[in-house]
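Visitor: Sending over a structure as structure tokens; questions will come in a sec.
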Amino acid sequence: MLQRLKALFGKASAKPTSPALDPEAIPKHIAIIMDGNGRWAKNRGLPRMAGHHSGMKTVKRITMAADRLGVKYLTLYAFSTENWKRPKAEVEFLMKLPQEFLSIELKELIENNVQVRMMGHKGDLPDHTLKAVEEAIAQTANNDGLVLNFALNYGSRKEMIEAVRDIGQAVSEGKLSPADIDESTMEAHLLSAGIPDPDLLIRTSGELRLSNFMLWQLAYSEMWFTDVYWPEFTEEHFYEAVREYQRRGRRYGGL
Ligand code: FPP
């Protein structure tokens, strides 16, 4: 708590400067499309993998910043169902990152009471990737601090198709009446079941699109875009997004 207050008010802390945020209006769930690793690397004459590796360090930085602010859920788009189209070497590299990240950071995540989760289609993941993530999930299952939710091999359309298929199956088995299908039925069948919709979506790198990310769940989320590439995205940028979120009036279609 003390650390959190220091982060909020910037006093007696070596951490980033005061975000001057309203502690009563911190978004409960922030989702991030971490984009621009490749361009960041290219601008420096480095291979794309160096960008992803640097992006992994940003994951740590922003996870800790979210935790200090009191965000409850942080969902990070780490690999999409479309990313398999990338060159084999890049895919293999990306599939090693969760393992590397967790081997370095899991201890500190546990010390900070962070709960690791994964949202994605597990079937296509290499064994070593899934094993590393599942071990982290198991080891942090009883933590009740920040939920760090990796969207890994995640695709929103596939998620919705599978949800509809499951619902259709329940109908055909007579377990569910079509008339009883409502938003909560759909939500219960999505990969994000049990996690509230994001309050705030952040996308880095200047791209202004959703790229098949949480299309159902983002229906009423506030969106914040920045030109900054993910590897150079700092706590200050993160606070700026939250500050802008706090300026917005959320009406959910009402007045
Ligand atoms: C998009 O940038 C980024 C990705 C597809 C991968 C994101 C992965 C990380 C940030 C590291 C993940 C770390 C963990 C711990 C899982 P891009 O490569 O499309 O960038 P570009 O548009 O500039 O080419």
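Cβ coordinates are placed from backbone N, Cα and C, and glycine is handled just like the others.
TrEMBL labels come from automatic prediction, so no person has curated them.
Annotations per TrEMBL:
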type	residues	note
BINDING	D35, E222	Mg(2+) binding site
ACT_SITE	D35	active site
BINDING	36-40, R48, H52, 80-82, W84, R86, R203, 209-211	substrate binding site
ACT_SITE	N83	active site, proton acceptor
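In terms of burial and nearby residues, how do these features look in this structure?
Guide: In the three-state DSSP scheme, D35 (Mg(2+) binding site) is classed as coil.
D35 (Mg(2+) binding site) has a Cβ environment of 24 other Cβ atoms inside 10 Å.
Taking a C-beta cut-off of under 8 Å and a sequence gap of six or more, R203 (substrate binding site) has these contacts in its own chain: I32, I33, D35, R209, M223, W224, F225, T226.
DSSP assigns N83 (active site, proton acceptor) to a helix in the three-state reduction. Sequence-distant neighbours of N83 (active site, proton acceptor): residues of the same chain at least 6 apart with a C-beta under 8 Å from its C-beta are V91, L94.
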Visitor: For ligand 1, which among the recorded positions N83, W84, L210 have a CB under 6 Å from it?
Guide: N83
Visitor: For H52 (substrate binding site) and E222 (Mg(2+) binding site), what Cα-Cα distance in Å is obtained after rounding to a whole number?
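Guide: Here the two Cα atoms lie 26 Å apart.
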Visitor: Between L210 (substrate binding site) and E222 (Mg(2+) binding site), what is the CA-CA distance rounded to a whole number of Å?
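Guide: Distance (Cα to Cα, whole Å): 13 Å.
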Visitor: Of all the binding-site residues given, W40, W84, which residue's CB has the most CB neighbours within 10 A?
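Guide: The residue with the most neighbouring Cβ atoms within 10 Å is W40.
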